[in-house]
Amino acid sequence: MAFSPSNASAGLQISLLLSFFMAAFAGPFLDSFDYNWGQSNSQILNNGDLLTLSLTKESGSGFVSKNQYVYAKIDMNIKLVAGNSAGTVTAYYLSSQGQYHDEIDFEFLGNLSGDPYILHTNVYCHGQGDKEQQFYLWFDPTADFHTYTILWNTQAIFFYVDGIPIREFKNLESSGIPFPSYQPMKLYSSIWDADNWATRGGLVKIDWTQAPFTASYTNFNDKNACVSYYGTITSCNTPNSNLNNNGWLWQTLDYSDQGKLKWVQDNYMIYNYCTDSKRFPQGFPPECYVNNKY
């Protein structure tokens with residue numbers, strides 16, 4: 001194409017536009033994540049330190065990690081949708097792919113203004129879920145950021161809120177009970193329309209006059225993680241390495257953490273599949289007799 005002043009002007013505009021987008025999307029979130037849907041409903045702000053996902057009537061939105069993990073301790077600070085969030089779900093989870101996938105779920109079920117969020121947790125092992133536990137939180141998760149941690153290691157899966165354990169799912173593979181141990185998982189988060197079930201079993205629908213519904217994210221941390229490339233772990237220390245540097249990989253709950261877990265489950269748990277006799281009239285799943293001891 002021959003040079004012309006108009007071409008030069010167009011080239012400068014494109015260059016400036018690219019520079020703008022590179023500046024706007026620089027930072028930790030660009031380095032660590034890709035959008036996997038609803039990019040127009042997402043923003044990266046504060047020089048890349050803050051990410052928002054929004055739900056409108058047209059679309060939700062979500063992101064996925066560039067890395068995939070086989071064992072990891074992952075922290076994310078999240079501030080949930082404020083006000084009337086009924087019918088919305090903000091999900092934050094690890095998942096592999098395929099029919100027999102593994103998955104470790106935090107899901108935040110929205111509610112009417114003034115009513116508490118429900119924190120829904122679940123674990124899928126080789127395609128089988130149905131391991132739900134649900135909690136109220138002891139704070140308003142919409143007023144400020146709080147840290148939600150998934151610790152998946154050789155011993156168990158732990159769910160933490162602000163450093164307090166709320167759930168433990170033990171590795172009982174030696175007893176023939178499935179546990180996620182070999183399928184690489186990526187980290188996902190999304191916000192979506194679930195008003196057919198999320199709030200009071202679907203009785204309360206989304207009030208679209210309140211849209212957009214926005215959740216915010218910051219302080220992502222995956223420094224303690226075994227990163228997998230093409231099915232091979234390439235950046236995780238082995239059990240022959242210094243335990244002091246990689247204690248998270250064999251971490252269990254000490255006496256203090258067991259007390260904190262019991263406090264949460266005694267005071268804030270509102271559903272536990274391991275005590276739902278109507279759902280399991282023939283007897284509870286075998287992991288319940290170990291995982292439900294606190």
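Cβ from N, Cα, C; glycine included.
Among the features that TrEMBL reports, domain 'GH16' is placed at 1-217. For 1-26, the entry in TrEMBL reads signal peptide. Annotation source TrEMBL lists active site, nucleophile at Glu103. What TrEMBL lists as active site, proton donor is Glu107. According to TrEMBL, the feature N-linked glycosylation site maps to Asn111.
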(request) In whole Å, note down how far the CA of Glu103 (active site, nucleophile) lies from the CA of the residue listed as 'N-linked glycosylation site'. (result) 25
(request) Find the average pLDDT over the domain 'GH16' (1-217) in the predicted model and report it. (result) 87
(request) Under 8 Å Cβ to Cβ from the residue listed as 'active site, proton donor', same chain, six or more residues apart: give me those in sequence order, or none if nothing qualifies. (result) Val89, Thr90, Ala91, Tyr92, Tyr93, Leu119, His120, Thr121, Asn122
